[in-house]
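Peer 1: What follows is a single structure, and I will ask about it in a moment.
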């Protein structure tokens, strides 16, 4: 029998997951066990949480972690009781065995995962099962729709456009800061929801946050988008497909990102934003998530198959991802480069060509221009200053300063410049080394940290020329970033003469 009406207090600890902290006497009376899960119920809605027992907690008090409070809402009291086997457990075991699940089974399973009735080990096994027992197209559609149904859906009453990159390439987060205003300047609605960085030095939301606020409620997002026609906001504050946030957290811990789950997560978020016209960017190359073109084409076919099922008009671009995009890596540095490019109407070819190519595909999807003409229109909008003017509107509607200049953006105070050890030609810039070093320097948590590149592949350099500059806020972080660059040989320089034969 559950103890009724435990008084709610905020927990002073954050174990990294939803937890309820109880006095040992209450835990014993409830029949709940430390380390296992219990259902915490507020106004008839139950959420699963790990039980922690602490004698310092007063009796008949339930201390709730911050995330649990946010999920339950405003509650003065809660009931706590042991979790029985969730209704979806048979479906869960069925999926682990490799059998297919129905739409109803996925709906029940995802609802129970969101409610907290599965622990991280069980969720990890669900994710790993997709590696050795791939989801069929119909089953993947069921998963996507179930993920959408458990969260908010924002509706706009008109066609919604978006561009989504699977990421994995340093410097990629700033591309959206060009694409969105280019597209929005022609009146197309592109309220882009973006993630924070997971394993990279900057996510699009991290970079945009240097310039404006990115966390808004669904109704705020709706109203702002209709005013500015374009937004760049953080999706994590919107409760869109909340199962995705759970899956991402577990994927980070186990180092697994099944392709089917990647497709499901991306498309569920897009459906929750009522996106009906979507461009997918698959960066491909050494050090990217996708290593070669054949792998990219396989992933593209998965996206396109689901697009047909979900009534999304889609095009997939396989883009070069063999080295960083543009010259900057890290939130503040990337915000600077994006702003400079918009103000000048030109910039690094890898950044401008990618942004205009993706924006051009959106124009073609929307019927603004015929196929093959989108790129030139996007470039014209960028060069004319129309994209910069629209970006100022977006910054202002997101409560930022539209008059901000690149030089106003502060960088971390500690610097180290890596110099060329010899004359030669830059033959490789290692994505992994750049990402690791930028994160070691403090990015993305320290927005001013990161790496500014001074060269790209193909540049001719002389001994002592600057190759890149690292920015960090402490000597410790700076030294670790330098160590990683040296260990991984981040910038490879070859002599002009490769070999001499007699």
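Here the Cβ of each residue, glycine as well, is placed from N, Cα and C on the backbone.
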Peer 1: Need one residue: from 168, 230, 236, the one Swiss-Prot lists with 195, 196, 197, 198, 199, 200, 204, 265, 289 for AMP.
Peer 2: 168
Peer 1: For residue 265 (AMP binding site), what is the secondary structure by DSSP, using just helix, strand and coil?
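Peer 2: In three-state terms, residue 265 (AMP binding site) counts as helix.
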Peer 1: Cβ-Cβ under 8 Å from residue 200 (AMP binding site), same chain, 6 or more residues apart: which ones?
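Peer 2: Correct list: 167, 168, 170, 172, 173, 435, 439, 444.
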Peer 1: List the Cα distance (Å, whole number) between residue 196 (AMP binding site) and residue 257 (active site, proton donor).
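Peer 2: For residue 196 (AMP binding site) versus residue 257 (active site, proton donor), the Cα atoms are 16 Å apart.
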Peer 1: When you measure from the Cβ of residue 196 (AMP binding site), how many other Cβ atoms are you left with inside 10 Å?
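Peer 2: Excluding its own Cβ, the number within 10 Å is 20.
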Peer 1: How many Å separate the Cα atoms of residue 257 (active site, proton donor) and residue 265 (AMP binding site)?
Peer 2: 11
